[in-house]
Amino acid sequence: ARNAPPTRLPKGVGFKVGGETGSKYFVLQVHYGDVGVFKDKHKDCSGVTLHLTNQNIIFNVLHICFLTEVNADIACHYKMYPMHPFAYRVHTHHLGKVVSGYRVRDGQWTPIGHQSPQLPQAFYPVENPVEIKYGDILAARCVFTGEGRSSETYIGGTARDEMCNFYIMYYMEAKYAVSSMTCTQNIKPEIFKSIPQEANIPIPVKPDMNMMAHGHNEGKHSFLYSFANITVGKNDMSEHIEYL
């Protein structure tokens with residue numbers, strides 16, 4: 001997303017597909033923020049290139065998807081065999097300012113990744129090696145802005161909605177590997193009182209980077225919030241972010 005470069009897997013690491021793996025199809029899903037470029041019948045060259053091998057590999061690569069529809073903080077207990085994150089990716093829509101992911105062990109926060117979702121949404125390398133073991137907590141936080149919005153913004157899948165996703169690409173021993181894992185809860189809201197301060201500070205993005213990612217925006221930014229109050233409606237259970 002956002003003109004991101006390709007992801008390179010470590011040597012000896014690959015996705016296991018076909019046979020009895022449960023993965024029988026390759027599906028490409030494309031989300032377009034602006035389809036104006038196709039109005040002149042411009043050719044859509046979206047695609048994916050696959051490199052396959054029938055040789056056995058040492059490690060299976062999988063991913064964890066952190067997402068939320070009710071809160072900007074996500075936390076789950078990890079209850080699997082040891083895994084080693086080597087890349088991460090963040091994702092929000094226009095209002096996201098920074099997304100951070102951590103391993104929490106014995107009250108200590110170890111960073112996995114920290115990035116602005118308004119920069120190219122590639123899988124960035126994990127800077128320092130970190131091992132996730134049984135009993136650890138995986139935690140993520142998204143910080144949103146109120147720039148250019150004077151009405152409620154709902155959690156959802158359209159370009160006018162918002163979402164909070166933190167993805168981990170990792171490897172673990174093939175004999176223990178599972179196809180994917182998803183964390184959608186916040187099992188310990190109180191731990192976020194001690195989250196590192198960097199998770200609350202928006203990452204500056206040059207205007208030309210925003211224009212490259214979103215296209216030209218004619219609207220003017222009139223105010224900025226460094227926090228998001230995400231609530232769940234009591235009656236219809238509709239999720240939304242409220243801005244004053």
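Including glycine, each Cβ sits where the backbone N, Cα and C put it.
Site annotation for Cu(2+) in TrEMBL covers His31, His91, His93, and the matching candidate from Met80, Met83, Met163 is Met163. His31 (Cu(2+) binding site) has Cys164 as its nearest neighbour among the disulfide-bonded residues Cys76, Cys142, Cys164, Cys183, going by CA to CA distance. Counting residue by residue with DSSP, the domain 'Copper type II ascorbate-dependent monooxygenase C-terminal' (68-195) contains 9 helix, 62 strand, 57 coil. The Cu(2+) site is set by His31, His91, His93, Met163; from the centre of their CB atoms, other residues of the chain with a CB within 8 Å are Thr92, Pro117, Gly157, Glu162, Asn165. Taking the C-alpha atom of Met163 (Cu(2+) binding site) as reference, the shortest distance to any of the disulfide-bonded residues Cys76, Cys142, Cys183 belongs to Cys142.
Of all the binding-site residues given, namely His31, His93, the one with the smallest number of surrounding CB atoms inside 10 A is His31.
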